[in-house]
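Asks: Sharing a structure with you now.
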Amino acid sequence: MGLFKVIFTAVAALSAVDAAELLSSAKSKDIIPNSYLVVMKDSVSSAELDSHVSWVTDLHREGVAKRGAENLGGFKHSYKINGWHAYSGSFDSETLASILDNDKVDFVEHDRHVYISGFVTQKDAPSWGLGRVSHRMNGTRDYVYDESAGSGITFYGVDTGIDIHHPDFGGRAVWGINVVNDTKDNDRHGHGTHTAATAAGTKYGLAKKANVVAVKALNDYGAGLWSNIMKALEWCVNDAREKKILGKAVLNLSISGGKVVAANQAITNAAKAGIFVSVAAGNDNQDATNKSPASAENVCCAAATTIRDDKAKFSNYGSVVKLYAPGQGITSATPNNQTGVMSGTSMAAPHVGGVGATLMASKGIAPAAVCAELIKMASGPVLNPGANTTNKLLYNRSGK
């Protein structure tokens, strides 16, 4: 009997050690109660994920019957991105405990809110970003660029939606998907249209011939859930694969929130699938190391400069920043055939995405190599870039 107790205790201890971890989060205000992102181990196959999801669905159903957890929706969505597997759902504590104890699960994380990284400053002010990224020296508004202008490249704007009928897109924009419940297939906020036109507008954009796909993952107030962002990423990868444009696609994330490991992994795997991903550093004037998507691997993280080539006072900084780009007082298209001026690292990121698209079109550079090439091409120095931060400024190597 004593031997049995010893063995039982050892097995129980081993089970506890092997249990998946529920990652803690420093900022509780962004957490969605009882909503989780569940990431599977690398060895788990697509079929095994499907089987696991069936088990979780049954487990949740039993929990509702026993404990009356009707207010929790259970399983929501599974993610399959370039061999990476995860799912989201709302579960009670007992169901969560069973999930954590499942040997297929790597870790679990709270789903959290995420927000745009830009804000409106004024309407119809003069633009300067295009001229700045096409000249080594400051002081000119002429935009000089390779004639390919992103031709053959597709830009996915994962944002508040895009006004695809805006004349600045010249008929090159199409609607992709809306993953936000209770919203229409349009851009009532303006942020998504502005960032997409900064990257690929005919007048206001850098990659003037690129195709544009609207992917609505944020609501009409510029806020969203990481679980929806991940769903949008999965759709983009699948869409690019179906259209055979992996290797010729750019995806922009002008959003920021607290660091979410599951989201970072989803973004990284989207990049590894064959998409150049430009992201915003965030607007908190702090180190972006603890921010997502800025801290994700295999992305090109952009911080924001002013017209004077200094760090914008709101811009985040830190070692994860790959480049600075224009981000204060940027004029671009807004819904209903309008234009407007916005500021933020949200505006810096599509500058990087747009120049990246032109580089891919003109030089045939693979998405995985684009950020390193942009760093090599960069000008500067940016003034007062922040601690442990590059002083390199985005430049398209126009020769000017």
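Just so it is clear, glycine is given a Cβ too, placed from its N, Cα and C backbone atoms.
Feature table excerpt (Swiss-Prot):
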{"type": "ACT_SITE", "residues": "Asp159", "note": "active site, charge relay system"}
{"type": "ACT_SITE", "residues": "His191", "note": "active site, charge relay system"}
{"type": "ACT_SITE", "residues": "Ser346", "note": "active site, charge relay system"}
{"type": "DOMAIN", "residues": "35-116", "note": "domain 'Inhibitor I9'"}
{"type": "DOMAIN", "residues": "127-400", "note": "domain 'Peptidase S8'"}
{"type": "CARBOHYD", "residues": "Asn138", "note": "N-linked glycosylation site"}
{"type": "CARBOHYD", "residues": "Asn181", "note": "N-linked glycosylation site"}
{"type": "CARBOHYD", "residues": "Asn252", "note": "N-linked glycosylation site"}
{"type": "CARBOHYD", "residues": "Asn337", "note": "N-linked glycosylation site"}
{"type": "CARBOHYD", "residues": "Asn388", "note": "N-linked glycosylation site"}
{"type": "CARBOHYD", "residues": "Asn396", "note": "N-linked glycosylation site"}
{"type": "SIGNAL", "residues": "1-19", "note": "signal peptide"}
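I would like each feature placed in context: is it buried or exposed, what are its neighbours, and how far apart are things?
Replies: DSSP assigns Asp159 (active site, charge relay system) to a strand segment in the three-state reduction. For Asp159 (active site, charge relay system), the count of additional Cβ atoms within 10 Å of its Cβ stands at 31 [all protein chains shown].
Within 10 Å of the C-beta of His191 (active site, charge relay system) there are 30 other C-beta atoms, taking all protein chains into account.
Counted within 10 Å of its Cβ, the other Cβ atoms near Ser346 (active site, charge relay system) come to 34, all protein chains included.
When other Cβ atoms within 10 Å of the Cβ of Asn181 (N-linked glycosylation site) are tallied across all protein chains shown, the result is 8. Under the DSSP three-state reduction, Asn181 (N-linked glycosylation site) is assigned to coil, being neither helix nor strand.
The Cβ of Asn252 (N-linked glycosylation site) has 33 neighbouring Cβ atoms from other residues within 10 Å, across all protein chains displayed.
Around the Cβ of Asn337 (N-linked glycosylation site), the same chain contributes His166, Pro167, each under 8 angstroms and 6 or more positions distant in sequence.
Within 10 Å of the C-beta of Asn388 (N-linked glycosylation site) there are 12 other C-beta atoms, taking all protein chains into account.
Asn396 (N-linked glycosylation site) counts 26 other C-beta atoms within 10 Å of its own C-beta, drawing on all protein chains shown.
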Asks: With DSSP as the reference, give the number of residues of the domain 'Inhibitor I9' (35-116) in helix, strand and coil.
Replies: 30 helix, 33 strand, 19 coil
Asks: Restricting attention to the domain 'Inhibitor I9' (35-116), give the mean pLDDT.
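Replies: Mean per-residue confidence for the domain 'Inhibitor I9' (35-116): 93 out of 100.
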